[in-house]
């Protein structure tokens, strides 16, 4: 059994899509990043990489590499999970929190869970995603960015 923790944050900007958990969410701004900037999937990837002792997503998918420009974070997550499977691990459970003042994310969470479960080859009941605000405090509360925290438990297959 291995435990990993992941955290990521991206700035909200004009003229970008807002993609969280592989879901294109209607909003006037999106997250800035080299890839699709899916902060939730990046935090999940980091948690899994941490659990298997393989560094972080910056090591595996550097933002200096043009190959990852605009990359689909679902595909990056699938690659990370393949590393975990290669070491003999499967998802025990995953718990993630998205921190965003706006937009309201609750209607999109079921699809996020499905996307994540599919990418991780895990049952959806092992995946939990929730969203919270910061009551207008800090960068997330001011609408400057979105953060995500993840804890993952990996079990030997």
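Glycine too: its Cβ is placed from the backbone N, Cα and C atoms.
For the divalent metal cation site, Swiss-Prot gives 8, 10; the one candidate out of 42, 60 that the record lists there too is 42. Less than 8 angstroms from the CB of residue 8 (divalent metal cation binding site) sit 39, 40, 42, 43, 46, 147, 148, each of them six or more residues away in the same chain.
Residue 133 (site 'Transition state stabilizer') sits 15 Å from residue 10 (divalent metal cation binding site), taking the CA atoms of both as reference points. It is 16 Å from the Cα atom of residue 134 (4-CDP-2-C-methyl-D-erythritol 2-phosphate binding site) to that of residue 10 (divalent metal cation binding site). Every protein chain shown contributes to the tally, and the Cβ of residue 57 (4-CDP-2-C-methyl-D-erythritol 2-phosphate binding site) ends up with 26 other Cβ atoms within 10 Å. Between residue 57 (4-CDP-2-C-methyl-D-erythritol 2-phosphate binding site) and residue 10 (divalent metal cation binding site), the C-alpha separation comes to 14 Å.
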